[in-house]
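Swiss-Prot has this to say about the protein:
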BINDING   Asp101, Asn103, Asp105, Arg107, Glu112  Ca(2+) 1 binding site
BINDING   Asp137, Asn139, Asp141, Cys143, Glu148  Ca(2+) 2 binding site
BINDING   Asp187, Asn189, Asp191, Tyr193, Glu198  Ca(2+) 3 binding site
BINDING   Asp225, Asp227, Asp229, Arg231, Glu236  Ca(2+) 4 binding site
COMPBIAS  45-55  compositional bias 'Low complexity'
COMPBIAS  56-69  compositional bias 'Pro residues'
DOMAIN    88-123  domain 'EF-hand 1'
DOMAIN    174-209  domain 'EF-hand 3'
REGION    45-88  region 'Disordered'
Amino acid sequence: MSCQVPTVPASPVVKFPLLPRGLLSYLPANLSSILPVARGAASTCEASSTTTTTMPPEPPASPPPPKKMSPPGAGAGAGSKKKQQQQADAAELARVFELFDRNGDGRITREELEDSLGKLGIPVPADELAAVIARIDANGDGCVDVEEFGELYRSIMAGGDDSKDGRAKEEEEEEDGDMREAFRVFDANGDGYITVDELGAVLASLGLKQGRTAEECRRMIGQVDRDGDGRVDFHEFLQMMRGGGFAALG
């Protein structure tokens with residue numbers, strides 16, 4: 001029995017945990033050289049009990065190219081720009097779907113997905129791929145058709161803002177890690193505070209002109225010591241470093 005593709009309502013948006021966000025947007029146009037398309041071979045969906053060789057249907061037709069952007073001031077509205085973006089996204093979706101649909105039958109099987117991801121350097125266990133397909137396979141035929149693939153694609157692209165927030169958070173965490181390493185350099189005994197003696201020792205080892213005397217180190221610490229305990233904790237150290245570091249206190 002060959003795979004059937006009944007018309008069904010669009011499946012709910014499902015996050016794809018296996019592909020990095022944005023992967024579909026930066027696949028090169030010449031990816032066909034990496035993923036050769038073997039047209040004409042029959043596919044077998046996991047939900048099928050038997051295999052029947054049929055003529056593959058025509059691959060999804062790409063939508064017309066977006067209209068040329070009007071020059072500034074020519075009256076191109078936000079609606080026109082949005083439509084052009086939608087057309088560009090649809091064209092990209094069709095191109096990427098065709099690359100994964102190795103035999104051009106309008107469906108992506110688990111084997112095709114596994115093989116294509118492997119060639120992209122993203123090996124994924126077969127059982128995980130089967131679970132992913134099951135989550136987005138709205139019609140239950142064991143394959144991913146272009147509509148189901150579109151839901152997957154849109155869920156990835158809709159995460160763009162989240163991705164930016166994620167990158168900003170990663171950068172902040174990376175900066176925090178760097179600052180903690182620097183703090184540990186000053187905090188010689190690891191008690192979570194930088195004392196006058198510890199500050200003087202590090203500044204002397206760095207050959208800086210600041211902090212050559214205990215009184216000078218005490219004055220420098222006093223400029224950033226918010227709680228008045230005569231020491232610098234990590235949060236005080238972080239604020240100071242963002243303001244130029246100990247050298248800015250000289």
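Here the Cβ of each residue, glycine as well, is placed from N, Cα and C on the backbone.
Keep in mind the model is a prediction, meaning the values are calculated, not measured.
Shown on the structure are the features that Swiss-Prot records.
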residue	record	CB count, 10 Å
Asp101	Ca(2+) 1 binding site	27
Asn103	Ca(2+) 1 binding site	17
Asp105	Ca(2+) 1 binding site	25
Glu112	Ca(2+) 1 binding site	21
Asp137	Ca(2+) 2 binding site	20
Asn139	Ca(2+) 2 binding site	18
Cys143	Ca(2+) 2 binding site	28
Asp229	Ca(2+) 4 binding site	11
Arg231	Ca(2+) 4 binding site	18
Glu236	Ca(2+) 4 binding site	19
(message) Name them in sequence order: residues not among Asp187, Asn189, Asp191, Tyr193, Glu198 whose Cβ is within 8 Å of the mean position of the Cβ atoms defining the Ca(2+) 3 site.
(response) Phe186, Ala188, Gly190, Gly192, Ile194, Thr195, Arg231
(request) For each of the binding-site residues (Glu148, Glu198, Asp225), count the other CB atoms lying within 10 A of its CB, then report the residue with the highest count. (result) Glu148
(request) Look up Glu112 (Ca(2+) 1 binding site) in the DSSP assignment and report helix, strand or coil. (result) helix
(message) Taking the Cα of Cys143 (Ca(2+) 2 binding site) as the centre, which of the binding-site residues listed as Asn103, Arg107, Asp187, Glu236 lie within 10 Å of it?
(response) Arg107
(message) Counting Cβ atoms within 10 Å of each candidate's own Cβ, which of the binding-site residues Asp141, Asp227 comes out highest?
(response) Asp141
(request) Could you tell me which of these binding-site residues, Asp187, Asp191, has the greatest number of Cβ atoms within 10 Å of its own Cβ? (result) Asp187
(message) Of the binding-site residues Asp105, Arg107, Asp227, Arg231, which one has its Cα closest to the Cα of Asp137 (Ca(2+) 2 binding site)?
(response) Arg107
(request) May I ask which residues of the same chain, at least 6 positions away in sequence, place their Cβ under 8 angstroms from the Cβ of Tyr193 (Ca(2+) 3 binding site)? (result) Asp187, Asp229, Arg231, Val232, Asp233
(request) Please report the DSSP secondary structure of Asp137 (Ca(2+) 2 binding site), reduced to three states. (result) coil
(request) Could you measure between Asp141 (Ca(2+) 2 binding site) and Asn103 (Ca(2+) 1 binding site) for me? Cα positions, answer in whole angstrom. (result) 17
(request) Would you list the other residues of this chain near Ca(2+) 4 - those whose C-beta lies within 8 angstroms of the C-beta centroid of Asp225, Asp227, Asp229, Arg231, Glu236 - in sequence order? (result) Tyr193, Ile221, Val224, Arg226, Gly228, Gly230, Val232, Asp233
(request) Based on Cα distances to Glu148 (Ca(2+) 2 binding site), point out the closest of the binding-site residues Asn103, Asp105, Asn189, Glu198, Asp227. (result) Asp105
(message) Which one is it, among the binding-site residues Asp105, Arg107, Asn139, Asp225, that lies nearest to Glu198 (Ca(2+) 3 binding site) by Cα separation?
(response) Asp225
